[in-house]
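Novice: Sequence annotations record features per position, and here Swiss-Prot assigns compositional bias 'Polar residues' to 101-111. Sequence annotations record features per position, and here Swiss-Prot assigns disulfide bond to 34-62, 41-66, 49-61, 55-70 based on sequence analysis. What Swiss-Prot records for 27-74 is domain 'WAP'. If you look up Swiss-Prot, you'll see 80-111 marked as region 'Disordered'. Among the features that Swiss-Prot reports, signal peptide is placed at 1-23.
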């Protein structure tokens, strides 16, 4: 009887801990969606954020370019986004052009 009570107690404590940790990790999600990430990584960068609440202003915590970073989200059409915005991925670095099919640099700052 004692060992079964102990087992029930341990399982209950484990479940409570997991649920509480998930609530802390999730937080409130900010508007918009993370930009597409088409970069292949050989090694992940250390995370700069864990949730949207770690990011200032409207920035979201997104996996981009091999690690979690605070980035400006892409707006969905129903959130006032522009259908001409480039939602195929991040803006190319200066001096590079988008080469993949269907990609463009529309909506990227011109330098």
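Note that Cβ sites are derived from N, Cα and C of the backbone, with glycine treated the same way.
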Novice: Near residue 61 (disulfide bond), which residues of its own chain have a C-beta under 8 A away, given they sit six or more steps off in sequence?
Specialist: 49, 50, 51, 52, 54, 55, 68, 69, 70
Novice: Using DSSP with the three-state reduction, classify residue 49 (disulfide bond) as helix, strand or coil.
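Specialist: SS state of residue 49 (disulfide bond) = coil.
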Novice: Could you tell me which of these disulfide-bonded residues, 41, 49, 55, 62, 70, has the greatest number of Cβ atoms within 10 Å of its own Cβ?
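Specialist: Result of the Cβ crowding comparison: 62.
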Novice: For residue 66 (disulfide bond), just give me the three-state DSSP call.
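Specialist: In the DSSP reduction, residue 66 (disulfide bond) maps to coil.
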Novice: Could you tell me the mean pLDDT the prediction assigns to the domain 'WAP' (27-74)?
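Specialist: Here the mean pLDDT over the domain 'WAP' (27-74) amounts to 92.
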Novice: According to DSSP, collapsed to three classes, what secondary structure does residue 55 (disulfide bond) have?
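Specialist: Going by the DSSP assignment, residue 55 (disulfide bond) belongs to neither helix nor strand, so it counts as coil.
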